[in-house]
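Got a structure for you, questions after.
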Amino acid sequence: MPELPEVETSRLGITPHLQGQTIKAIVVRTDKLRWPIPQELQKLVGQRVQSIRRRAKYLMIDTPEGSAIIHLGMSGSLRVLDEEVPSAKHDHVDLVLENGKVLRYNDPRKFGAWLYSEVGVAHQVLSKLGPEPLTNEFNSEYFAEKAKNKKTVVKQFIMNNAVVVGVGNIYASESLFMAQIHPKTPVGSLKASQITVLVAEIKKVLETAIKQGGTTLKDFNQVDGKPGYFAQELKVYGRAGKECPVCSSKIEEEKIGQRNSFWCGKCQFLAED
């Protein structure tokens with residue numbers, strides 16, 4: 001599933017091609033992705049793209065008449081192609097530009113979304129979201145306040161979008177490894193020093209992943225079709241049974257909150273109650 005670095009990589013990739021361009025047409029080849037595709041998207045035809053923003057794992061293409069909101073879901077991807085390139089299987093939406101280019105959305109599993117938002121109106125999917133992890137708003141003081149007296153395990157806590165957005169399964173596992181915190185540690189039991197390190201590692205891991213173009217495991221590729229290279233940097237995620245890069249112990253795996261989780265039992269020691 002594309003996570004924050006993959007979505008940010010997509011934003012950076014499409015921005016030079018869309019910024020300042022006029023939308024000539026929006027071609028929709030399916031009625032429904034995760035949700036029905038609204039007819040209101042057609043209001044954007046003839047409008048000039050003012051900006052491309054990201055909030056959590058949503059992309060927003062802004063025009064004077066409103067915004068297209070895009071979520072890549074489990075298997076969605078965006079490509080910028082010449083308009084004459086024929087559509088292929090699973091190419092569900094085209095944003096056709098007057099410069100002869102098309103932003104094409106492909107989604108084999110159809111768990112993504114294309115939505116519409118009026119100018120000045122916050123769409124309901126963007127409500128109740130926590131701060132962006134790479135902003136100053138997400139800091140150790142904020143984390144400690146949210147974690148106070150909580151028994152939730154730390155991995156589920158940092159993956160909660162109401163706490164902080166965009167820390168998906170891959171990057172949660174990697175950040176906890178770098179911070180030497182076991183993923184099943186009750187978040188309310190973390191020391192201030194551990195929180196400080198974890199917040200710093202979350203930021204560092206996400207920043208590195210964005211620089212590497214995200215992580216390509218199965219479905220994600222960059223806008224130009226190239227893979228994301230952060231997969232080569234993974235220390236624990238997807239490496240069950242392999243040696244820890246720090247201590248050579250075997251990487252362990254277990255489902256936590258229905259998500260596969262990976263850690264080193266030696267580097268990430270779980271204290272007994």
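Glycine too: its Cβ is placed from the backbone N, Cα and C atoms.
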Which of HIS90, HIS123 shares the DNA site with ARG109, LYS150 per Swiss-Prot?
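Answer, per Swiss-Prot (DNA site with ARG109, LYS150), from HIS90, HIS123: HIS90.
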Please find, within the list 25-59, 235-269, the residue stretch that Swiss-Prot describes as zinc finger.
235-269
Note the mean pLDDT of the zinc finger (235-269), expressed as a whole number.
96
What whole-number Å value do you get for the CA-CA distance of LYS57 (active site, proton donor) and GLU3 (active site, proton donor)?
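Distance (Cα to Cα, whole Å): 6 Å.
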Please name which of the active-site residues listed here, PRO2, GLU3, ARG259, is nearest in space to HIS90 (DNA binding site), Cα against Cα.
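That would be PRO2, nearest by Cα distance.
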Could you check the recorded positions LYS57, ARG109 and say which one's CB has the most other CB atoms within 10 Å?
LYS57
